[in-house]
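Copied over from TrEMBL:
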| type | residues | note |
| --- | --- | --- |
| TRANSMEM | 6-34 | transmembrane segment |
| TRANSMEM | 208-229 | transmembrane segment |
| TRANSMEM | 235-254 | transmembrane segment |
| TRANSMEM | 291-312 | transmembrane segment |
| TRANSMEM | 332-356 | transmembrane segment |
| TRANSMEM | 426-454 | transmembrane segment |
| TRANSMEM | 576-599 | transmembrane segment |
| TRANSMEM | 611-629 | transmembrane segment |
| REGION | 678-700 | region 'Disordered' |
Amino acid sequence: ILTTNHALGCTDIICCIFFIVAIVGYVAVGILAWTHGDPRKVIYPTDSLGQYCGQGKLEKKPLLFYFNMMKCASPMVLLEFQCPTPQVCVEKCPDRTLTLVTAIAKPEDWKYYKSYCREDPGNKPMTEILQKKLCPAYLISSKPFLQRCFPSLGKKGEVITVGDQDKFNDGEKIRDAKDLVAGMKNATVVMEGRQVAMKIFEDYTKSWYWILICLLIAVVLSLIFIVLLRYLAGIMVWVMILMVIAVVACGIAYSSIKYVNLKDTAGSNITLQQLGFQPDFSVYLHIRQTWLAFIIILAILEVIIIIILIFLRNRIRIAVELMKEASRAVGYVMSSLFYPIFTFFLLTIVIAYWGITAVFLSTSSEPVYKVFNETDCPHGRQTCEPENFTISAMKTDCPRSECLFAFYGGETPYHKYLIFFQFYNVFLFFWCANFVTALGQMTLAGAFASYYWAPNKPNDMPAYPLCASLGRSLRYHTGSLAFGSLILAIVQIIRVLLEYIDHKLKGAENKFAKFLLCCLKCCFWCLEKFIKFINRNAYIMVAIYGKNFCRSARDAFFLLMRNVIRVVVLDKVTDFILFLGKLLIVGLVGIFAFFFFSGQTDAFKDAAPSLHYYWVPILTVLVGSYLIAHGFFSVYAMCVDTLFLCFCEDLERNDGSAARPYHMTTELRYILMKDADAAQTPTSRDETMQLTPPDKTMEN
């Protein structure tokens, strides 16, 4: 049957051409982004001239210093993300409190003071220095935070102090130290998100080696389970089920012990609502309510798994037999076990290209400078050019105004269409990722279908079934793969837009709009799941018959509907067993990662890296382990789905006679036709004979 691929020729050619054009456009967007973008804009602080602190000629000046922190108390800071005061890059933050008046009087202090000026004031009088804002009016003892210099505030009782003093001179008048708090808060709010991201990035740089080791452990565990499934399918399925129950039970026991031990600990009885959001997740582990939540969640999960196993115990026995048959097919196509590595490699390229392009697009704006003035000015907040600002009419009308860097933007045609490029980047990411996944599904389906439809197994199978299937998929069915992945990408991008709208409406009071949005999100989630199900089976039919996507999807859907009972009670039970296998691997690796990175075990305290947030590598390991386990177990899942669909097709096309013999093996016929008793009863002697278990001695 597979030879009909060559007879029918290429499928969905128009969509194939459209996909190629889209990829070419995607490359063009990437080139544009890489030409205009500069990731340094989100990594390094920028001075008033738009220069990056710690880069280029300012390499030895990594910190940003504000002339007048009081100006950062303005509400405009939160709108324009820039304090309306001169800012310079400095080598280190000031460690003493001085005013310009007192510094000029002492040569030693003046030499130190000039390192925080925008340029060397020379012998200019103090009034000219202040008028041109060449130097700050005062220095306050500061400490670096978020790569910026913030005043070192302290407390004496209930009084806020700076440099052990409750007051300071800003060059104009005596101020209370507490006046600095508002400015520091506004300046901090602008950078907090960036700082969390930088801490996470720093954690990755410290722990990437151990993360890779944990992921390697997940790979080894997955391979061990897959190989054992090949030879001990029946035993391994029950071992996986029992181990999942045991791992969840251990989680319940550990959470209960922590919950009891925190009973007399001070501060452990506050609620999660009172604590609020904390970027350091380790704080939550000192709260009893956190462990109580773990106990409840794990207990519910344990009960659900046990109830499902009780009700499906008979079906699981039959599913185990189907897993054994899938193991035979995998045994003849052993290279299929390593195909997920190829899929993972392609997905890594897609994700990396999308991420890099997104960063360069978001940083491809140009610096925008605006007029900042301490008094009323008709040109306030208007765009200006720092090169000729001193001789411009704006400076003439507002002598005390400054042309300072405000933010990154742009008015060129490229910047006007920047949002379109970002959308195109996200859409092509979904399309390409779905295409890679679809290619893997069709390749595996074609390889396992060649096993099923071979009259004399394995002699009539291709020499390299996986490579042959991959070649057929790319040569004849790229259009079908692009068509199916395009439909799925459209639904996914709609879901992203709905999530974006939901985020924007968080503060809205319109209950009907929230209800409607919730319904739409639910409907499109269901639609995405349905399309994935249809696509998966459509790719199997395309791999078998070589028909176009729409016809294959229709044939697969109606074939499954005619065998809906088998689909629900057998095929999905097998999926549940494989899901438990994934859950087991994630649980084992996750437990190891938790005790290692959290440092709660003496054996790992010396080896574990010092991290800001130890949940960062743990979450990475959990997600990575699931993706790895899913990749390896997806081979078995695809094998089961392919054999099941081929069986249904074989059953409708053939009757077991000499003229139209079944292509299924004797074992598979016994497994799946035995399950048919749930839906129908055989009425003929021939059908009854088919339900007799195969005689192993005769077969040998």
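Every residue gets a Cβ built from N, Cα and C, even glycine.
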The transmembrane segment (611-629) and the transmembrane segment (426-454) contact flag, 3+ Cβ pairs under 8 angstroms: no
Chain residues in Cβ proximity to the transmembrane segment (208-229) (below 8 Å; excluding those fewer than six residues from its ends, i.e. six or more beyond): 236-237, 240, 323, 327, 330, 337, 581, 584-586, 588-589, 592-593, 596-597, 608-609, 617, 620-621, 624-625, 628-629, 631-633, 635-636
Same-chain residue ranges lying at least 6 outside the transmembrane segment (235-254) that approach it to Cβ under 8 Å: 225, 228-229, 294-295, 298-299, 301-302, 305-306, 309, 316, 319-320, 323, 577, 580-581, 583-584, 587-588, 591
